[in-house]
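To start, the structure itself, in structure tokens.
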Amino acid sequence: MPRRAPLRVARGSLDAWLLGGLWVCALGCLCGVGMAAPGAGAGAGGSLGAQRPCQAPQQWEGRQVLYRQSTGRYSRALLSYDGLNQRVRVLDERKALIPCKRLFEYILLYKDGVMFQIEQATKQCSKITLTEPWDPLDIPQNSTFEDQYSIGGPQEQITVQEWSDRKSARSYETWIGIYTVKDCYPVQETVTKNYSVILSTRFFDIQLGIKDPSVFIPPSTCQTAQPERMSEECSW
């Protein structure tokens, strides 16, 4: 039965995905049946009845914006997602001058159980063990359908569906995923704990396929990688 780890930040180890400012799922098992709960599903599309999760693309590239409650910050990154080979590459983007902010590249190879953290400026490399199993970026088959609605306005809108890990009409969700009805592209994933949003990730500029598979190959400096994680902040 499909399972979710506790928090969605980077599809695997929570620490690993927090490092990359990515998405991960980390809040236990989903126990829905892929159907609208009582009272749900009456959005823009009206009463939709039973719904089945769509199948998200297996290989794509795009961009993401992640909000972390623990820091109160937003971070941006380029993302290469290869579900077929269970690997992800995250490249921090600089959108504004942030004093003493280090930018990193993250290469997560789940079949090998390792993550490489590479500082963009110096190519200094850390090699970190991934302790959590691969968790694909998709809608688990046992998710609960919440709603269908349109984003945007007249002539410029897209229809999306909202899914969650809510078990019944009387329980609260800890994960919400929004995916397009057409092609099942990820739009947003939100993770909550104790009724507060702790992680929220938006995906955009998605293109199917991996333009350059070599992005998953660590640089030569990783042959002598250190085992400790590097800090995102300057050391001085």
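Each position is counted from 1, following the chain as shown.
Placement of Cβ uses the backbone N, Cα and C atoms for every residue, glycine included.
Per Swiss-Prot, signal peptide is recorded for 1-35, and the stated evidence type is sequence analysis.
What Swiss-Prot lists as disulfide bond is Cys54-Cys184 (among others), and the listing cites similarity to another entry. Cys184 (disulfide bond): 16 other CB atoms within 10 A of its CB, across all protein chains.
Annotated disulfide bond per Swiss-Prot: Cys100-Cys234 (among others), in sequence order, evidence recorded as similarity to another entry.
Cys222 (disulfide bond) carries a helical DSSP state (H, G or I). Feature annotation from Swiss-Prot assigns disulfide bond to Cys125-Cys222 (among others).
The annotation N-linked glycosylation site is assigned in Swiss-Prot to Asn142 (among others).
The N-linked glycosylation site annotation in Swiss-Prot covers Asn194 (among others). All chains included, 7 other C-beta atoms sit within 10 angstroms of the C-beta of Asn194 (N-linked glycosylation site).
Around Cys125 (disulfide bond), the same-chain residues six or more apart in sequence whose CB sits under 8 Å from its CB are Phe116, Gln117, Ile118, Glu119, Pro218, Pro219, Thr221, Cys222, Thr224, Ala225, Gln226, listed in sequence order.
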